[in-house]
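Notes for the one structure printed next.
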Amino acid sequence: MPDNSSIANCCAASGLAARPSWPGSAEAEPPETPRAPWVAPMLSTVVIVTTAVDFVGNLLVILSVLRNRKLRNAGNLFVVNLALADLVVALYPYPLILVAILHDGWVLGEIHCKASAFVMGLSVIGSVFNITAIAINRYWCICHSATYHRACSQWHAPLYISLIWLLTLVALVPNFFVGSLEYDPRIYSCTFIQTASTQYTMAVVAIHFLLPIAVVSFCYLRIWILVLQARRKAKAERKLRLRPSDLRSFLTMFAVFVVFAICWAPLNCIGLAVAINPEAMALQIPEGLFVTSYFLAYFNSCLNAIVYGLLNQNFRREYKRILSALWSTGRCFHDASKCHLTEDLQGPVPPAAMATIPVQEGAL
C-alpha cells in the first residue's frame, strides 16, 4: 500500500507544494498558498491524540494477551503482531511529524526523514499482511477446523509471523530503487515518492491494498456463508462445530478489517487515480482532500485496540484489570508520598508531648 505522495512533486497549483525539499536548501521553495491558521493546530491535535491512544491501546492489547491464558492462543499471536506494527509508528514517525508541524517544516535532517518513512512503510505493509494472515487464520479455524490445529498451532504461528515480516521487508526494498524518500510539506511527513514510475505505483496499490482486500473479503465471505448455514440447519451446526468464542473472534477481526478498509481506501483511491493519469488528476485533487485522506490513514493505527475492547469480552475484561491495577498502584504511591509529606511537615513529636500520651495497659 503506498504512502501516496505521488502528487507531492507535481506542479504547484491550487495551493499544492511545488516540490518537497529540505528547509534552507537552495531548492527550497515556499508554498504557493499559505495554510489557514487553524490547520497546524488541528493536525497537531490529531497526531497527539492518535499517538497517545495508539501507544496506550496497543500496549493494553499486548499485555492482555500475555496476562490472560484464555487469550494466549495461536490466532491472537497475529493480533499481538498487528499491535506491534501499529505501536511502532507511535514510537518514531508520529512524534517526528508533530515536530515538523510545530516547526512548520522538517528540521531533523535527511537521515531521520528516510528512517521515519521506512518505519512508516514497515508498519503499514506489516499491518496489511497481518490483517490478511488473521483472515486466513480465522477462515481455516472455522471452515477447516479438522486440520486447523495441525497447521496453526502455537509452534507454527511464530514461523508465519516471521514470514509476514520477511515479505514486508521484501515489499519495501523496491522503493529504494524506484524513488527516493522525501518530505512532503502538505502532510508534514517524510514518505515514499511515487512519481518515478506509474507502473510501480499501480503495482503497489494492487499488491498492498487491492489483493489483500480481495483475499480477506473471500475468507470472511466464506465464514459468513457457513455461519448462516449453521444457524439454519442443526446438522450443519454440528458439523461445523461453531463455538461462541470462534464467532466472537471472527466478528472482532471482521470489524478490524472494515475499519482498516475505510481508513485506507481514500488514500489508495487517490494514488491509483494519479497513477492512471498523473498530469490530469494531480491538479484536480484538492489539497484538503489529500491531507484528510492521509491523516485518516494515520488514525487507523489507534483504532484496533478500541475495536477489541468494544467487541471482545475477554479483552475488555483484561483492559479493566490492567487499568485497575495501574490505578491502585498509582493511588498507593500517591497515598504513601502524601503520608511521608505530612510527617515531614509535622516534624518529630517532642518528648514532652510523648510524656502526655497515656499508655494503655497491655498495649504493645
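Using N, Cα and C of the backbone, Cβ positions are placed for all residues, glycine too.
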Correct disulfide partner for CYS190 among CYS113, CYS269, CYS302, CYS332, by Swiss-Prot, is CYS113
Under the annotation given by Swiss-Prot, are ILE322 and VAL39 positioned on the same side of the membrane?
no
Where's the emptiest Cβ shell within 10 Å among the disulfide-bonded residues CYS113, CYS190?
CYS113
Any chance the transmembrane segment (201-221) and the transmembrane segment (116-136) have 3 or more Cβ pairs under 8 A, given the pairs are 6 or more apart in sequence?
yes
Should the transmembrane segment (256-276) and the transmembrane segment (46-66) be scored as in contact, given a threshold of at least 3 Cβ pairs under 8 Å and pairs 6 or more apart?
no
Paired segments the transmembrane segment (46-66) and the transmembrane segment (159-179) in contact, 3+ CB pairs under 8 A:
no
Per DSSP, three-state class assigned to CYS190 (disulfide bond)
strand
DSSP helix/strand/coil residue counts for the topological domain 'Cytoplasmic' (137-158)
16 helix, 0 strand, 6 coil
